[in-house]
Amino acid sequence: MGIPGLEHLHVWISIPFCSAYILALLGNCTLLFIIHADAALHEPMYLFLAMLAVIDLVLSSSTVPKMLGIFWIRDREINFYACLVQMFFLHSFSIMESAMLLAMAFDRYVAICKPLHYTTVLTGSLITKIGMAAVARAVTLMTPLPFLLRRFHYCRGPVIAHCYCEHMAVVRLACGDTRFNNIYGIAVAMFIVVLDLLFVILSYIFILRAVLQLASQEARYKAFGTCVSHIGAILAFYTPVVISSVMHRVARRAAPHVHILLANFYLLFPPMVNPIIYGVKTKQIRERVLGLFVRKKV
């Protein structure tokens with residue numbers, strides 16, 4: 001249905017949605033091009049950033065084009081299996097993004113707390129294993145969902161009151177006992193958010209302790225300055241998640257479009273702002289981006 005209650009504003013809503021998607025495509029593709037082209041950026045931090053950019057591209061591209069089709073040409077139909085595929089990509093890549101932010105927190109922890117061991121700890125093989133583990137965890141947790149949803153008979157109509165095939169939006173249409181789906185969905189969400197966020201916070205407790213032990217104030221600023229981009233990415237990803245979760249419990253009587261707009265913001269905001277955060281705050285990337293557009297005088 002798109003955004004129920006705001007159908008008359010779909011065309012206007014599509015403008016910021018389309019703009020955010022274009023910025024996400026341009027920003028993340030630029031990051032990938034720069035990191036791939038410059039051998040000096042083939043370091044752990046930038047390789048994790050490249051993985052994050054790929055995840056953001058897939059996450060936004062799995063939902064936004066269909067949403068724009070709904071807003072622009074009222075293309076509201078989706079095949080049942082295509083719906084399950086969209087749901088799988090949406091949730092699994094959200095889990096991968098959380099895992100990648102955790103991996104980047106580990107990278108900053110090693111860089112600041114164990115600087116002499118940075119290159120020996122974060123080897124190419126370990127980075128590959130971390131990436132594979134992030135994918136394996138997401139696929140393992142999300143693979144049961146399509147099979148669980150296939151077993152239901154959908155007697156409450158074929159209309160999903162949402163912009164995309166989100167798990168609980170599909171479950172609400174099913175007849176029969178859906179308690180296991182409800183519990184499984186909540187358990188996975190809590191497991192991912194709480195566990196990953198807990199380890200991220202622990203990493204920054206150790207980082208803060210190490211930074212405060214540095215002798216000079218300039219060294220402390222420089223050390224913590226390397227974490228600013230990552231902290232911004234964490235806030236961009238987890239803040240909408242927490243706000244949406246709180247709204248579902250505190251403001252249950254709020255209009256449906258409020259919850260749907262928050263859910264869309266969660267999908268659009270991180271992929272759009274992550275390249276901006278890292279482009280602005282990371283000197284190496286900023287210099288290479290400027291080099292693409294500004295021809296140096298000979």
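Glycine is treated like the rest: Cβ placed from N, Cα and C.
Curation does not apply to TrEMBL; its annotations are automatic.
Per TrEMBL, the features are:
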TRANSMEM  12-34  transmembrane segment
DOMAIN    27-278  domain 'G-protein coupled receptors family 1 profile'
TRANSMEM  46-72  transmembrane segment
TRANSMEM  78-106  transmembrane segment
TRANSMEM  118-139  transmembrane segment
TRANSMEM  183-207  transmembrane segment
TRANSMEM  219-238  transmembrane segment
TRANSMEM  258-280  transmembrane segment
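Remote same-chain residues near the transmembrane segment (78-106) are listed as 45, 48-49, 51-52, 55-56, 58-59, 62-63, 66, 130-131, 133-135, 137-139, 141-143, 145-146, 149-150, 160, 164-167, 170, 188, 192-193, 196, 199-200, 203-204, 230, 233-234, 237, 267, 270 (criterion: CB distance under 8 Å, separation of at least six residues from the stretch ends). Only pairs six or more apart in sequence are counted, and the transmembrane segment (46-72) with the transmembrane segment (183-207) gives fewer than three Cβ pairs under 8 Å, not enough to call it a contact.
Across the candidate stretches 12-34, 183-207, 219-238, the maximum count of CB pairs under 8 A to the transmembrane segment (258-280) is reached by 12-34. Taken together, the residues of the domain 'G-protein coupled receptors family 1 profile' (27-278) have an average pLDDT of 87. Non-local neighbours of the transmembrane segment (219-238) in the same chain are 52, 97-98, 101, 104-105, 108, 111-112, 193, 197, 200, 204, 207-208, 210-212, 269-270, 273-274, 277-278, 281-282; each lies 6+ residues outside the stretch with a CB under 8 Å from one of its CB atoms.
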